[in-house]
Structure formats: structure tokens, C-alpha cells
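What TrEMBL annotates here:
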- B:1-21: compositional bias 'Polar residues' (COMPBIAS)
- B:51-84: compositional bias 'Polar residues' (COMPBIAS)
- B:85-97: compositional bias 'Basic residues' (COMPBIAS)
- B:98-109: compositional bias 'Low complexity' (COMPBIAS)
- B:110-121: compositional bias 'Pro residues' (COMPBIAS)
- B:136-152: compositional bias 'Low complexity' (COMPBIAS)
- B:336-360: compositional bias 'Low complexity' (COMPBIAS)
- B:361-379: compositional bias 'Acidic residues' (COMPBIAS)
- B:380-391: compositional bias 'Low complexity' (COMPBIAS)
- B:569-606: domain 'Zinc finger Sec23/Sec24-type' (DOMAIN)
- B:642-881: domain 'Sec23/Sec24 trunk' (DOMAIN)
- B:886-970: domain 'Sec23/Sec24 beta-sandwich' (DOMAIN)
- B:981-1081: domain 'Sec23/Sec24 helical' (DOMAIN)
- B:1113-1181: domain 'Gelsolin-like' (DOMAIN)
- B:1-190: region 'Disordered' (REGION)
- B:291-464: region 'Disordered' (REGION)
Amino acid sequence: MEAAVFILSLVDCCALIFLSVYFIITLSDLECDYINARACCSKLNKWVIPEMIGQCLSTMLMLVSMHWFIFLLNLPVSAWNIYRHVKVPMGNMGVFDPTEIHNRGQLKSHMKEAMIKLGYHLLCFFIYLYSMILALIND
Amino acid sequence: MSAPGSTNLGSSVGYSQSPTPNGGAAPPRQNGPAQTYPSVYPPTGYYGAPPQQQSYPTTHAHSNAGPNKAPITNSAHSANYYQNNHHHHPHQHHQHQPHLPQHHVTPSPYSAPPSSAPPSQPYATLPSSAPPPPSNAQYNPQQPVQQQQHPPYATPGSYYGQQHSYHAPAAQRPQQQKHPSLVPVPAGGPGAPLHPIVSYPSALGSSQYGTLSSLQSAPAHGVMPTQVGAPLHQYNAPQPAGPTTTPVQAGGYGVGPSGQMAPTVNGQGSTGQTTVHQHYDQSHQALQSYNSYHGGVTHPHRAGGADADRPPSRTPSTSVHSSPGHHQGMQYGYVANSGASSASATTSGPAAANPSSSSSEDGDDDDEEEEEDEDEEAGGDTSSSTTGSASPVPNSYDSLEGGNYPDSLPPSDDMTNQAQPYGSYGYPASMQPAYPQGPTSHTDSSPAHDPYGPPPSYQQFSQPFPNMSQLSAALGGLSGVPELEVEALRPVNLLQERNLLPPRPLEAPEPNLSPDLKKVNCSPQTFRCTLTSIPQTQALLNKARLPLGLLLHPFRDLQQLPVITSNTIVRCRSCRTYINPFVTFLDQRRWKCNLCYRVNDVPDEFMYNPVTRSYGEPHKRPEVQNATVEFIASSDYMLRPPQPSVYLFVLDVSHNAVEAGYLKYFCESLLDNLDKLPGDTRTRVGFLTFDSTIHFYNLQEGLSQPQMLVVSDIDDVFIPSHDSLMVNLKESAELVKDLLTSLPAMFSQTRETHSALGPALQAAFKLMSPTGGRVTVFQTQLPTLGAGMLKSREDPNQRSSTKGVQHLGPATDFYKKLALDCSGQQIGVDLFLLSSQYADLASLACMSKYSAGSIFYYPSFHHTHNPTQLEKFQKDLERYLTRKIGFEAVMRIRCTKGLSIHTFHGNFFVRSTDLLSLANVNPDSAFAVQMSIEDSLADSSLACFQAALLYTSNKGKRRIRVHTLCLPVVNQLSDVYAGADVQAITCLLANMAIDRSITSGLSDARDALVNAVVDLVSSYKSNVSNLQQSGLVVPASMRLFPLYILALLKQKALRTGTSTRLDERVFAMCEFKTQPLQQLMQMVHPDLYRLDNMSDQGALHLNDTVVPQPHLLHLAADRLSRDGAFLMDCGNVFYLWIGKCCNDMFIRDVLGCPDYASVPPNMSHIPELETLLSERVRAFLDWLQDNRAFSSTIHVVKDDASAQATFFQHLVEDRSESASSYSEFLQNVQLQK
């Protein structure tokens, strides 16, 4: 049971890592003028909700399986994802808005955020991996 | 159009493969076009019959039919009728099937225009009186001219190929002509002439190239005598030259050598126009072209060859070269557009495979272009653009450089071998080599028509620093303190000095540069920096507590503009900066970029100076002598053939609109100005009206009167007919006039109160997307139906709340999305809002904000109840309709290495880090950017900024307007303060405050503004002023800063506590973002003059009028006196305040009334009286208005009238019911610091 929870989290985490990498690549493409803001934002906005769901999923899994430490580790990130999504002004086209992404250093802050998330997910990945192995051995 | 999910996957793969190219500095720029460009000029004859068949395999058989095809049956007709912008998807038929009965059986929707048609005819019918043969006759002569003029249309076609709609016209015509009376029409013409739109001449069958080349010379000389430099004058004259006749225009713009004719014309005094043009023309081809330039003789071959704008078939580098073979392949790709990735794969294929043709084009292609390219393609296949681009990049980069600079070293060598020695930029040393040649060449010939004398940059760097003062000036005040600076730095104690205003309106501070650089520097009206001395590091900038930014007015009407026609536009190879007066010539053959410090070669062509007609003086070229120049761009700067001027008017005709009565005045104004609309023979117009349904107008030539087509399905808007809704203005002029005359009456009885603005805009987008152009929207109420409907969000009780103001941002992203779509298709949307009720401008404004449009707002507009608004509307409309316009524009702002732009203000879409996409650019809008200093600027003494605006003129020419500003870099805080430009800082802060108030609330923004003053005062006190003075001390250059900030806080946009309607507030915010600095400052801090005691002392003498120059007064009620008359100049409005005890002589002489009591309460003009005083006053008013785009209205305000409130609200130094007075404000600042 426990192993199954961690395997699931591991898969989820992998997906989130890929997503973070995708965010970083797309944003850096925008930075280098490979793609335009419109294309970049429509690509990224599509993945904001899946990312949120993926993050909430692992949080929920940890809550249900009562791994409190990992749950608390996950909680702020989930909260941030949800907050970010809810706080989008009505007139904006999503978390990433093509008309604003080049203003006020938004691009940089998005980039920074994606980097931090990547680091965080990598950390989680190893925690899950360790826990999974532990759980498998215990079984 | 957005990329489907599958593309994402594809792209992510692409990305993971291509991280390495990311690192390269240059490749990204080259990337876009490499793979996309070929797609831009793909197919051979789009309009040619054979390609058509190939390229649209999916269309119905009858779609391919040429106009001569046999009559089509009714069923086919109905099918085609519902065909909209896209292909004939089966499901589309299904979608529209339900409307069939509505449109075809019920006659009512179509018979709306009075006396239009027999009720049984669903389409208001073509009258049998339409004379087909004459129309053909008209076409036939024009056809060749057109073809000659705009070969791009005949050749590339991909421009329209993207759209898939253009074949439809051809197909539809026969259907519409099912009427017996019209059958002769198709029979009469040889295919092409039938096409209603001359600007897209359906290329005559297969031989379009043949046509092209053979026609090249014939129309050229036919037109030559008449052209008389018309294009040049029209470009920059305040108003387009209206009266020019058709042949003149046709010739002027169509024919290449016009440029060469121009100098001669200019020499003759430019025929009464005020505009003076220096036109430098140069051709690489032969020296004889130089002769022709000066002699005004045009060599026939140059007619085609000189102007790269029109790719003649003989020039190898133009689009014509592209082999039809692979283009057709690409066209297939296009047709299969739905599969985006496949299409783009095809597209990128040829680029890689065929570097010699397409990438050499990309080569000198501008990066602006590339972006444009990318964006246009982006809709369908964004992901592939990255994937495909990785490989072709290096190739195209090399090959293009090779092509561009034939004798240059490979770029890599250049970088490593040559750039390094100069990398340190110790320029005295690196200059040495230049010496031997330098002085001799620049002293010997000082051409008479060279306005600026010796070449500044060259001189500055190549002279052995003759004396100390020049050195210090050149180094930007590093040593030595000029007098000006002393004055600017004089500490001013604001609590003690009360008379801060200068006697005359404030001028922009002069940058502390050497006189030579000053002379060539860009005009402050065009390009202004908040700090005319750039701090060396970000730390220094932070210490100064002042914002660093630029204010630009790039497209403003200029009196004098050097226009350069040249085969190669010389640009830095690594940063693509255009050569400018501030570059350094290391020697005769090399120049060093002033933005990235790369050493570039001087191309051969550049060695010849067309002004002095001498060889070997690259530093005397006009590009190097003027900070503002305009290039005629070659086809390399085009993604598609330059578009024609296309204007669509979207008019609200709901009950509310009829009630307001704007329609009549709009129609009148447009009728009056129809000939003055900027454009050429290709100009197209269209009209669309809407209430709860959308009405299109068929204005196709040959009809006896306009037909109205009603589309009532607003949930899924479609275009009822493709070719006849946007019509050529010249050909359908009569119908357009008909429509404009009948339009106001047509809806006078309407009871429809709803407004389906969103669907109307969608229809407009569909109608315009094949060409791009300008959409002008007139709206009088909140949109209540269909997509983009809005709800009232304003709570009238909160209007005067002192807390935050809600709903400053848009309520929906519909308008923003639409604007971005429009921007992608080069459509600019301008909004005229004439609403008496709340109309949610915050949401509506988005349609213009992101499509680079302009916004006009007339609160409480009513044609009888509000005559002042009506007058303003009429005046604005006239200016709007006749002002210059640039289409499909992009602007890039580059700055010296180390500076970077991080925020943009204005109406546009920021497409990539420094590229602004402007679907339309107009001469009245300005932009602002904020900058930060990323790397220390210590190794250079000058910082430069270059704004390059690439646009299509209304004559179908691609032009690049380049402005370059040069400023000194300083390392002392006192120098930074000395060079602070208080007006520019105020404007930039206003822009920042608007942003802040939308994102984090109005009170936050207001606090930030107050803090800006507090910060300045405390920073100045702690860092610079060593006087232990109490009180508020600021440098003299910034002495007006607190006053301006206080004025800002009292503006409609930012004030709290005073009742302000939400729409008016939002409009004021929009104006802050787009108004040029002068206008904005006038609005924020109006100029107040006393008029009744003006003297001729110090008056200006212009021509034979004397313009008195009264002193500026502070904006406080205690400066007014009962016995005087005062003029307040608020930019777009003048107030003439007449005191109660004003002497009767003034009232009699100026206002024409016997005494104060008899002055009418709503007087809004100054009568033209013969008295001296009246003449002086009017001369002064005219002088004030002289350079204004929109003429100002004048209000005479009496001392006792209630209208006084509007006058007194501009007295910003006084306390108002909710805002503090100036002295209170200062005390407040002192407390906070």
C-alpha cells in the first residue's frame, strides 16, 4: 500500500519535473526571441492547471497516507499554485499574459519561479524514491 | 488558431534538442526568418488561374472557376454564400444551413436600405442599369499601372495565401451575377478586370511575370512627368496633399524613380509646401544613377531597379527570384493549414534546402521583420518555428552576411581578430589610426546643403582633443562643470522660493555633450530621456531615486526629414543597429557600432556620398549627419507585399447611437475627407454597422446603390460576401458617397437598444484579416449582446470615494484576445466612445491598447445638448481621418550595451524583449519605456538609444524611420541631478503610476508618487547638498517636480475624493499612456497667461504677424485678478477667464461684446475683429496651437458662471475640496522625509 502511494507520487513528481523543465525551456525561448509572447503564453497557460492538479494530487496522497512531513513540504507549493491561479485579474489571459510578460521583469520572475519549482520537485523526487524503496524493503 | 496540443509535444522535443543555439548571441535573431521567410513569398501567382487550382484543391469546383466561368446554379450560390473566411468545411455548411431560410426566403433583412430592391430578391439586386462596358474600360487602363506599381501582389501571393479567402471573390462573382443583367460583365473583361479590387489584380493567367517586366517601362514614363515628388510631400506634409489628381498619385507611388525626382523638386522650393525634404538617393548599380539623382533625369532601368520596394524581375535578390517549384509545394502546405505542423515542415524545408535564394534574403532582412514573420506564422505553427529554425540558422547567417557585405571577413574572424583591440574602448588610442585621413577629409569640403557642417562623430573622435573644454564636454562632464550645470544644480529651497515657474514654458534640458554632438542629436520632441546624463551604474541610479526611461514620439509629423534610398542599409552586424551620427569611423573602411562596440566594415556603396557627390567620405553621408532619418526599405524588409491602405468603419446604429446623433456628423466628416484619406489607388474602404445584428454593405462597383446584408446570427458571425464588402475607394467612390449620404437616415427610426459590439468586432476581424489595416469603431453604449458583452460595474456612489477605485482593469479578456489577434493580422483598432452612460471603457479600451490603436472618448456626447463635445468630435475626426498612418509597423528600441529596457508604456503589443508590434502607427501617439542599468557603463562616455520604426506608408512603401539619441554617461550624483529632465520624469512617473493603480490600487499609486518626491528630497539632501539648510531643498533642475507631482495627483486619472466617473478616469489613464510629452504636460500642468495687459515687448515676429509672449503664471487663484483676462492652455482646450472687473476695452476689442455683462455664457470662439488687441490675442492663440495635432477648442469662462468649476479645477496649486494645496503638499513631504 505504502509502496503504491510512493510509486504514484514518484510518477506524479516526474511529470511535474518535466513540466518545470518545459516551463523553463519555453520561457527561455521567449527570452531569446525564438518564439513570440503570444505563443509562449498560450503554451504555458495550458499547463498551469495540470501543474496545479498534479501538485495537489501529491499533497492529497501524502495527506491520505498520513505522511505529515512530506505533506507539509507539499502544502505551500500547492497553496502557491492555487493562489497564483485565483489571483489572475479578470482581463488577463491566464497566469502568463502575453501583454504583460515583458513588463516589469515578469519574465524573470516567472523564470525564477520555474527554477525553484524544478529544484523543489527534484528534492521531492528523491524523497519519494527513498521512501518507496524503504516501503518496498519493509514489505 | 492557437497551437493544438499535439504541437506542444512536437515543440518540446524541438526544444530539448536545441538548447545549445540558445547560448549564441546572434543566432536567435536570425532564426525566425530562416525558416519562415520562404513561406512568405511562396506561390507564384496567387491570382493566376493555374496556381489557384493547384493551391486550393479542397475548394469547390466552382471556386476555381475564373470569372468567365459559366453561370452557376442557385444551389451553388447558396452554398457559397455561406462560405466564410475559411474553407468549405462540410460542417460549416451545416452550421449555416439553419439560416438559409432566414436569408433567402425572408426578404426583410435585406431590404433595409430605402428603395433598395424588390422584396422578393434576397439580395438587394444589381440594377440592370449598371454599365459593364464602362467599368471595364476603366479597369483596363488601370490594370497595367497597378501591376507595374505593385508587382509584389502579382508575385508572392502568400500574403493572401494565408487567408484562403481571396479565391472566394473570384468564385463568388458569378454567383452574385446570376442576374441576367450582369451576365455581360464577366463576358466583357479578360478575366482580371472583372475583379473588383484593383489592388489585387488577378494576374492575367499564367504570364504574370511577363506582364510585369514588359510593363515596367511603359507606365513608368507615362507617369513620370506627373509625379513631381508627390510621395515625398505627402508623407510629411501636415495633411496629405488632397487635391492631387489620380494620375499623380498613381504615378508617384507606383514608380520607383520618384525618389530621384524629389531632389530636383526640392530644389525648386517644394511647390508651396512647408515640408522640406532632403532626399538622398543612392544606388549601388552604377554611378550614372548618382547623376540621375542630381540631374533629375531618370534612367529607365532604374524605374524598376532602384527601388527595392518593388522587386523587379531583373533584380536577383528580390522575391521574384524564388523558384515557383518549391513555392508551390509550400502553398500546398498552406492549404493544408489545419495540420499546422505539416504545413510548417514544408515551409521550413525550402529554407534549409535553398539557402542561396531565400536565406540571402533573410540575410539583410531586418530582425524586426523576422519577428513579424514569426508572429504571423505563429498562429498555426508556432512550435515548429523553433524546431525548424535550429538547423538553417548558421547557414543563413553566414550566407546573408556574405551577401550583404560582399567584401567583408567572415563574421567570426571579425569578432575575434578585430573587435578585441577595441574592446576596451580606450578610444584615444584606438582613434589614432584614423588621424592621418581624418582631419583633411573633413575640413576640405563642407557642402553647402549639409545642414550640420562637419561630421560630428568623426570629428569628435578623430581630432586630437584640441583643448580642455572640448574634452570635458565630449566626456560628458566628467571634468569641469559648465555653467548650465551650475544653474541646474543650484539648491532651491521650495519652502522659501515661491516663484518657480520660468517666464516661458519649460524647454527640455540640453544634454551635456560636445557642441558637435549636440547639433546632430535627436530632437527632444521625438526622443527624450528622463536623465540627460546617464548614471554609470545601477547603484548610482538607485541613489538618485529618479526613474530612468525614454519618452518617444517616433512617428510625429516632421518638418524636415532626410529620406534615404539606398541598396544596402548599413547596420551593425551583431546588434543590427542602423548606422547613425554617433558611430566612430576607425578609418575609411571600418566603423564601430556605438551600441555594441563591434567593428563593422563600411560597404562600398556607403563610400559614395550622394550629397557632396564625392567618394570616400562615409562620415558625410546623410545617415551619419542626421539623428533622424528615414530609409526606403528594400523587399528584404517585407514579409509580404506592402499592404494597401484599408479602412473599415464599424458604426453603432442602435437606438442610443441614433439618439446621440453622431452618425450624421461622422458621415459628413468622412464625405468631406474621403479624398484626403491617406492612401493610393489601392485604398480600400468598408462599412459595417451593428445593433443587435450586424449589417454589411455591398459596395461593389457596378451596383446602382449600396446593398445591405444583414447577419443576425451573432453567435457565429460569418462574412456574407468576400469581395464586395471591402471595396476600392476610387472605383466605388460613388457608392461609398451614396452610402454615407443615406446612412444617417437609414436607422433614424430604429428601436433596437442592444449592442452586439463583440460579434461586430469579430466580423471586422474576419473582414480585415486578409489585408490588415485600420478598423475604426464607434460605440455609444455598453455592449450587451454576444461575445464580449459587459455588465455595468460602476457604482455611482463610489465615484468620489477616497478609498481605492475598483474596476480599473478589464472585466473580460475578450477584447484583449481580439486585439492580439488583430495585431497578429496587422489590424489596428481605433475606438471612438461616445457614451453618456457607463460603457466600461476599461474593458473596451483593450481592443485599442494591444492593437496599437487610439482611443477617443466623448462623455455625454449629444449632437444638440452638448455642442462643445460635438465640435471637438468633428475636429478630432477630421484630424483622425486625414492624419498620416503607417501600417504593419514594428518598432525596436536598442540601447547601448549595459542598458536594458524592462517596461513599456503605450498602445502596442510587446512581441519580444525589445520589439513592439504596431499594427497601425499614427503620428499622435507616443511611447515610454523604463530602463535599468545592467552592466556598468564605465567604459564608455556616451550612451546611445536608437528607435527604429519599420512601417508601410500609405503609398505602399516600406520605410524605416530611425531616431538616435546620444547622452553622456556620468559618475557623479550631482551630474545626474543636473541633467534631470523634470517633465520627462513626471510623464514617466505618471505612466508608472497608471500601471500601479491598475495592478495594486489607486491609493498605492498615489503614495508612490508622493514617495517619489520624498525620496528625491531626502536623497538630494543626504548625498549632494552639503548645506545644512532646513526646509525642502531640491536641485534647481528639479524645482518643479513637487508641483508637477501635485498636479498629477489632481488629475482625473489619479485623483480621489472628487467625483470622477469611472470611464473618464480610465480614459484619462489611457491618455497618460499615449499622449506625447508636450500634450501631457499641458494637461497636467496647464499654462496660464494674462492677456489683457500683453505688451509687444519680447514678442516674436513671425512672417508679418507679431506674437506676444506673455509670462507664465502660477496656477493659483491668487494670481488671477478681477480686472484681468487670463488664458489657460490645457493642451486640448483653452479657457479664457474674464474677470468681473475686466476692462471693457479688452472685452470689446477681443470678444466683440460691449461689456462684461453682455458676454454670452457659453461663448466658444474668439471673433475675428480688426482691432490690434484682437489680432495679438488671435496670433498668440494660433501660435500656441501651431504644432498641435488636434486643434483645441476655446471656452470663454466668466467670473460668475458655473462653468468656473472646470476652470478652477486646473488651478492645481490651490486647495480643493479633497486635495491639498501646494504648500500643504510641501509640508506633508517635509514631514515624511
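Cβ coordinates come from backbone N, Cα and C, glycine included.
Unlike curated entries, TrEMBL annotations are predicted automatically.
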#### Entry: Among the ranges B:569-606, B:981-1081, B:1113-1181, the one whose Cβ pairs under 8 Å to the domain 'Sec23/Sec24 beta-sandwich' (B:886-970) are most numerous
B:569-606
### Message
I'd like the per-state residue tally for the domain 'Sec23/Sec24 beta-sandwich' (B:886-970) from DSSP, helix first, then strand, then coil.
### Response
0 helix, 59 strand, 26 coil
### Task
Give the residue counts of the domain 'Gelsolin-like' (B:1113-1181) per reduced DSSP state, in the order helix, strand, coil.
24 helix, 12 strand, 33 coil
### Message
I'd like the per-state residue tally for the domain 'Zinc finger Sec23/Sec24-type' (B:569-606) from DSSP, helix first, then strand, then coil.
### Response
3 helix, 12 strand, 23 coil
### Task
Taking helix as H, G and I and strand as E and B in DSSP, count the residues of the domain 'Sec23/Sec24 helical' (B:981-1081) in helix, strand and coil.
71 helix, 3 strand, 27 coil
